[in-house]
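Asker: This is the structure I want to talk about, given as structure tokens.
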Amino acid sequence: MSEKKINLLDLDRKALRVLFTEMGEKPFRADQLMKWIYHFGVSDFEEMTNINKVLRAKLAAKCEIVAPEISSYQKSVDGTIKFAINVGDGQEVETVYIPEDDRATLCVSSQVGCALECTFCSTAQQGFNRNLTVAEIVGQIWRVADFIGFVKDTGERPITNVVMMGMGEPLLNLKNVIPAMDIMLDDFGFSLSKRRVTLSTSGVVPALDKLGDALDVALAVSIHAPNDELRDVLVPVNKKYPLEEFLGGIRRYIAKSNANRGRVTVEYVMLDHINDSTDQAHELAKLMKDTPCKVNLIPFNPYPGSPYGRSSNSRIDRFSKVLMEYGLTVIVRKTRGDDIDAACGQLAGDIRDRTKRLAKKQMQESQISVTMN
């Protein structure tokens with residue numbers, strides 16, 4: 001049996017330099033290779049003309065550049081495109097491209113399914129299957145960039161922002177998320193500004209501390225409730241890491257990071273008559289008083305079988321005004337791609353039926369406890 005080839009999309013620049021050194025080559029070859037892959041979308045070693053033929057042959061014998069394939073896509077009336085990405089074994093994840101006048105954002109998945117069981121999220125209903133590899137994470141960007149169109153010979157890319165807000169909890173896959181985000185930030189990788197790469201988390205506090213030691217990227221935090229009693233229901237990981245512990249981790253991250261410009265984004269999904277009263281707005285404002293933040297109010301995006309409804313515009317408006325009375329910056333998120341189930345909280349769709357659900361004990365122990373070791 002032939003030796004399995006190394007997928008170069010799994011390696012950040014540090015790991016690539018080690019690989020080239022082990023091959024008896026100069027480490028700077030890693031920089032050249034990354035530029036071909038991430039700036040120009042090249043996967044054929046023969047097209048890498050500033051790398052000599054002997055080395056190209058060595059690379060072809062030992063390595064490969066393989067990104068997961070796009071299985072299908074849907075385009076919204078607002079220009080949003082939802083991609084189903086085949087990650088093997090009959091499993092898919094979803095990736096969403098959101099074009100705007102001055103930027104283009106890609107919402108990237110970090111896991112097949114999710115272990116956290118947030119009750120308002122479609123992805124959570126399919127359960128957790130496995131973590132994505134580095135290649136499967138950066139491969140989402142690589143495939144969509146190729147689909148939209150690399151501008152050959154210039155290195156210009158059609159994606160300006162990446163948000164780790166797709167399927168899965170990124171902090172439960174730190175082993176692969178950190179090198180993947182390194183590639184996003186690397187000048188020889190996707191060359192994105194640290195303020196244009198955002199990780200969203202529901203609050204796995206020990207992993208948040210590890211992230212702060214490893215990377216400086218923008219942080220969005222899924223709060224969704226102004227107290228532990230309600231958050232225990234909406235975001236069950238709160239039972240393990242309650243709000244005060246989560247807020248402590250957020251403040252520690254802010255102290256280490258400058259990508260956030262001194263504050264984080266608080267995500268708060270608006271659920272009709274569940275978490276959207278004016279009393280709850282006052283409670284949320286008081287909760288966040290010692291945590292520098294802006295608040296992103298997200299109108300709930302219903303999905304089949306959802307137990308919740310979307311807050312009315314009037315309730316969202318009243319909630320927003322209360323927060324602003326406390327001096328908080330408040331943004332009401334514009335829903336994008338909801339006609340193709342690509343909006344916040346809707347990712348999973350038809351994939352749910354093709355992804356097996358693991359037992360609750362395995363989800364909790366292997367994902368929340370073991371991953372932190």
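Placement of Cβ uses the backbone N, Cα and C atoms for every residue, glycine included.
These came from Swiss-Prot, pasted as-is:
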ACT_SITE  Glu94  active site, proton acceptor
ACT_SITE  Cys344  active site, S-methylcysteine intermediate
BINDING   Cys114, Cys118, Cys121  [4Fe-4S] cluster binding site
BINDING   Gly168, Glu169, Ser200, Ser222, Ile223, His224, Asn301  S-adenosyl-L-methionine binding site
DISULFID  Cys107-Cys344  disulfide bond
DOMAIN    100-339  domain 'Radical SAM core'
Asker: Looking at the recorded positions Glu94, Cys114, Cys121, Ser222, Ile223, Asn301, which ones sit with their CA no more than 10 Å from the CA of Cys107 (disulfide bond)?
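Answerer: Close recorded positions: Glu94.
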Asker: I'd like the Cβ neighbour count for Glu169 (S-adenosyl-L-methionine binding site), meaning other Cβ atoms within 10 Å of its Cβ, all protein chains included.
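Answerer: A 10 Å sphere around the Cβ of Glu169 (S-adenosyl-L-methionine binding site) contains 28 other Cβ atoms.
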Asker: Would you measure the largest Cα separation among Gly168, Glu169, Ser200, Ser222, Ile223, His224, Asn301 for the S-adenosyl-L-methionine site and round it to whole Å?
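Answerer: Pairwise Cα check on Gly168, Glu169, Ser200, Ser222, Ile223, His224, Asn301 gives a maximum of 19 Å.
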Asker: Other than its own, how many Cβ atoms are within 10 Å of the Cβ belonging to Ser200 (S-adenosyl-L-methionine binding site)?
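Answerer: The answer is 21 other Cβ atoms.
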Asker: Taking Cα atoms as reference points, which of the recorded positions Glu94, Gly168, Ser222, His224 is nearest to Cys114 ([4Fe-4S] cluster binding site)?
Answerer: Gly168
Asker: Of Cys121, Asn301, which of the binding-site residues has the most Cβ neighbours inside 10 Å?
Answerer: Cys121
Asker: For the binding-site residues listed here (Cys114, Cys118), which one has the lowest count of neighbouring CB atoms within 10 Å of its own CB?
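Answerer: Candidates: the binding-site residues Cys114, Cys118. Fewest Cβ atoms within 10 Å: Cys118.
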Asker: For Ser222 (S-adenosyl-L-methionine binding site), just give me the three-state DSSP call.
Answerer: strand
Asker: Using the alpha carbons only, what distance in Å do you get between Asn301 (S-adenosyl-L-methionine binding site) and Cys118 ([4Fe-4S] cluster binding site) once rounded?
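Answerer: So the alpha carbons of Asn301 (S-adenosyl-L-methionine binding site) and Cys118 ([4Fe-4S] cluster binding site) sit roughly 14 Å from each other.
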Asker: Where Glu169 (S-adenosyl-L-methionine binding site) and Cys118 ([4Fe-4S] cluster binding site) are concerned, what is their Cα separation in Å, rounded?
Answerer: 11
Asker: Rounded to an integer, what is the Cα-Cα distance in Å between Gly168 (S-adenosyl-L-methionine binding site) and Glu94 (active site, proton acceptor)?
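Answerer: For Gly168 (S-adenosyl-L-methionine binding site) versus Glu94 (active site, proton acceptor), the Cα atoms are 10 Å apart.
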Asker: Grab the pLDDT values for the domain 'Radical SAM core' (100-339) and give me their mean, rounded.
Answerer: 93
Asker: Using a 10 Å radius around its CB, how many other CB atoms surround Ile223 (S-adenosyl-L-methionine binding site)?
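Answerer: Ile223 (S-adenosyl-L-methionine binding site): 29 neighbouring Cβ atoms within 10 Å.
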Asker: Can you tell me how far the Cα of His224 (S-adenosyl-L-methionine binding site) sits from the Cα of Cys118 ([4Fe-4S] cluster binding site), in Å?
Answerer: 10
